[in-house]
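J.: Provided herewith is a single structure, encoded as structure tokens, for subsequent inquiry.
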Amino acid sequence: MPFTLGQRWISDTESELGLGTVVALDTRMITLLFPATGENRLYARNDSPITRVMFNPGDTISNHEGWELQVEEVKEENGLLTYIGTRLDTQESGVAMREVLLDSKLTFSKPQDRLFAGQIDRMDRFALRFRARKYQSEQYRLPFAGLRGMRASLIPHQLHIAYEVGQRHAPRVLLADEVGLGKTIEAGMIIHQQLLAGRAERVLIVVPETLQHQWLVEMMRRFNLYFSLFDDSRYSEAKLDSSNPFETEQLVICSLDFVRRNKLRLEELADAQWDLLVVDEAHHLAWSEEAPSREYQVIEQLAEHIPGVLLLTATPEQLGQQSHFARLRLLDPNRFHDYQDFVAEQQKYRPVADAVTLLLSGERLADDKLNLLGELIDEQDIEPLLKAANSDSDNSEQARQELVTMLMDRHGTSRVLFRNTRNGVKGFPHRFLHQIKLPLPTQYQTAIKVSGIMGAKKTVEARARDMLYPEQIYQEFEGENATWWNFDPRVEWLLNYLVANRHEKVLVICAHAATALQLEQVLREREAIRAAVFHEGLSIIERDRAAAYFASEEDGAQVLLCSEIGSEGRNFQFASHLVMFDLPFNPDLLEQRIGRLDRIGQMHDIQIMVPYLENTAQAVLGRWFHEGLDAFEHTCPTGRTIYDSGYEQLIGFLAAPTEQEGLDEFIHHCRQQHDHLKVQLEQGRDRLLEMHSNGGEKAQALAEAIANQDNDVNLVGFALNLFDIVGINQDDRSDNLIVLTPSDHMLVPDFPGLPQDGCTVTFDREQALSREDAQFVSWEHPIIRNGLDLILSGDTGSCAVSLLKNKALPVGTLLVELVYVVEAQAPKHLQLTRFLPPTPIRMLMDRKGTNLAAQVEFESFNRQLNAVNRHTSSKLVNAVQQDVHAMLQQAESLVEEQARALIEQAKQEADDKLSTELARLEALKAVNPNIRDDEVEALEFNRKQVLVNLNEAGWRLDAIRLVVVTHQ
């Protein structure tokens, strides 16, 4: 093309310079000035990496003074272009604008503009962009978003609760599963779903101080949710950046004590516009009508301001109906406003639970029971269903199930309360206790005697706590370097036990970090036993490494030595041998220790080894736990209640372990109390609530559906392709593991979701569960989600040129591959993507205006193509520019029909689904007071908004590829 002074060109290799103007010419060279940056570039006349900028009728262009022109005609005179059209700010028509007056900062965002301006991308990036569009659209359509990507086993009852609650608008529920059934994971799944769906953006978690790090670790490792921990120092720092420090972060964890201590802090928290509040250990919020505790009032104030509330408690309601009412009152103060009314309602509810038990038993129903069912369900056409349920016909079972569903919908607190018990959830191992009685060394006897004399002024509780750990008393007098492990018989016993069980993984838990560290040294030096240590002084990454070292089968540690606090929130189901080097102070901590191994997914019976020194507090406590509470071999829901009522007596026995008078009677009394409460619990078992919480077959089907989506081959192929193109280094390790590290030539300098020092990933859920240091990559993982955003929100792969070697077609045959996207813009919380995700429509146009996409599948077509360098690509584009314009116009008329059909289908689906949901909720509200008005209103508003936004859906060209046939 001949050059003329004043022509506008763009650099193919430095598009950031903007539009250049030809300012000097000679026989061999041309000079371009780039006014946007003030830089000059010298190019050879032949084969320079620059492209002529030419616009076409229908384009909108910008003048250097800031106004825009809709081009209607293009004139060329002496090699210079003049654009004629309508000025958009004044609507003046017939305005002429010479190309020299074009805005130099012009950027090309439309794929066709980038193609014609020579900003052509690589062919593999075009393919990645199309796949990203296709897979993203498919993922949006799949149900269970937010449940698939968690790094946890697919346990039906957990998935059922999370799915039920996570789908609701501003859920307000009480999660009351028994210990070891995974309430934290359920809460995490609900949070994850609410965040992914856009129903929540700001989440506050309030927990006891000792559980802060456990929650932080669980949210990060299982759900890739990075919470900020707010304590006094973090609060003071944030105060410098904002008048309300809590507005500086979206996801926050803090302790109940941190909130309780300061009135201003509480007000700031309440004003910080959270969407979801999660409170763990909610049974510690003491309440009575006359005097609610300060802790209760704090949570009550927050719950009034925050739309969604999840309360977590392991205490069954039968162990304190008043405190159970208090927790429900936090969730819905209008519904649960009077305690006496609540008690009366619960008594009415008893026959409902009995009726369900009867229906499930399969026995014939007496007339009085049939009448009761008729009254409880209160439907006009219930008679045929009752007859069918009581007959021997084939549909009797189905009729009974329908009646149970009707009862579930109408009665009790099943909308706000979920509780699973170990009786209702199968798959737990047995626990076997082995107590090993060892002599008390004279060194300890002396230290305890001296301590008794010198600590006479200590409180009974302080003395009791001291007496549990004789090695600490000894060190107190002999100094920190006192080598207690040389004479403590528990150490000798532990060494022998580990040597005898060389091939077993053993978890050893002790109360203090110092004990764990000293034991590790002894094991290493005396028997060369490989041990990992796990304590609160380690960072999360160091703990991950220690846990991975313990988990590794080949060259891993035989033993993991844990301190009490260090082990919180970590589970090691692959081990089944637990050694308690000492005992914890209360039954909750004991259950927490055993719970490290006693989880769903544990394949073996658990052997609990308790070496203890005779005539010490450990011996007393061991007896009380085992004989009084049966807490070693079975979970003990009654433990906290009995501990609280017998606390004074218990610490008296622990503080003076040699004075045993009355101990047998005390233990016997506790056992009676335990048995009595257990019977009460079993009688009060709420079958209806358990069925609702467990999810039954529906929950099984949900777990299977998600399991079927695991190991998606499309994900593995796409992820590896994405890592290659983004420029992430991949180092394959054994066991399906890949180490990802940033490289120096990435598409973006700091890839979101990829740590600076890299990370280990796997696509296998089981592998991720057994390796603490491996992240589980799914379509929901931040690396994949951020990768999709990176590709699709920018221009990566939006235009390309390829050659097709095919002797069956004439040389020079031109094909244009187009990817249109049909989408609707709307606030995230409306979840329009359920009905109309950004959906690609692929077209393959020939010069005759025929769309060949249906006959030519993308992947097989892509494999036949060859890449072209950028310079040759620009030349090809310039040669066929007019043809491509004509083919684009033909495609525009064809795509409209497909796009409108997609939009209509989405509108129909949304209307059907949301109207059905609304009708069901309204029908239930008429018979169940637990459905809040705001839930119905939110669903009605949501339906209207979804349909309005779908009506405004449109389509646009997202990517274009020019394909030219060659025979070489």
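Here the Cβ of each residue, glycine as well, is placed from N, Cα and C on the backbone.
Keep in mind the model is a prediction, meaning the values are calculated, not measured.
Take a look at what Swiss-Prot says about it:
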- ASP177, GLU178, VAL179, GLY180, LEU181, GLY182, LYS183, THR184: ATP binding site (BINDING)
- 164-334: domain 'Helicase ATP-binding' (DOMAIN)
- 490-664: domain 'Helicase C-terminal' (DOMAIN)
- 280-283: motif 'DEAH box' (MOTIF)
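Mind mapping these onto the model and telling me what they sit next to?
T.: The Cβ of VAL179 (ATP binding site) lies under 8 Å from the Cβ of ALA314, GLU591, GLY595, THR635, PRO637, each of these being in the same chain and 6 or more residues away along the sequence.
Confidence across the domain 'Helicase ATP-binding' (164-334), taken as the mean pLDDT and rounded to a whole number, stands at 89.
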J.: Out of GLY180, GLY182, which has the highest number of nearby Cβ atoms, where nearby means within 10 Å of its Cβ, if these are the binding-site residues?
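T.: By the 10 Å Cβ neighbour count, GLY182 comes out on top.
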J.: Around LYS183 (ATP binding site), which residues of its chain at least 6 apart sit with Cβ under 8 Å of its Cβ?
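T.: Result: LEU175, ALA176, ASP177, ASP280, LEU312, ALA314.
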J.: Near LEU181 (ATP binding site), how many other Cβ atoms are within 10 Å of its Cβ?
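T.: The answer is 26 other Cβ atoms.
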J.: In terms of DSSP three-state secondary structure, what is the assignment for LYS183 (ATP binding site)?
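T.: The residue in question, LYS183 (ATP binding site), is helix (DSSP, three-state).
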J.: Quiz question: given the binding-site residues ASP177, GLU178, THR184, which has the greatest number of C-beta atoms lying within 10 angstroms of its own C-beta?
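T.: Max Cβ neighbours within 10 Å, all protein chains included: ASP177.
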J.: Mind checking how the motif 'DEAH box' (280-283) divides into helix, strand and coil residues in DSSP?
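T.: Tallied per class, the motif 'DEAH box' (280-283) gives 2 helix, 0 strand, 2 coil.
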J.: What is the set of residues, excluding ASP177, GLU178, VAL179, GLY180, LEU181, GLY182, LYS183, THR184, whose C-beta falls within 8 angstroms of the centroid of the C-beta atoms at the ATP site?
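T.: Apart from ASP177, GLU178, VAL179, GLY180, LEU181, GLY182, LYS183, THR184, the close residues are GLU186, ALA314, ASN420.
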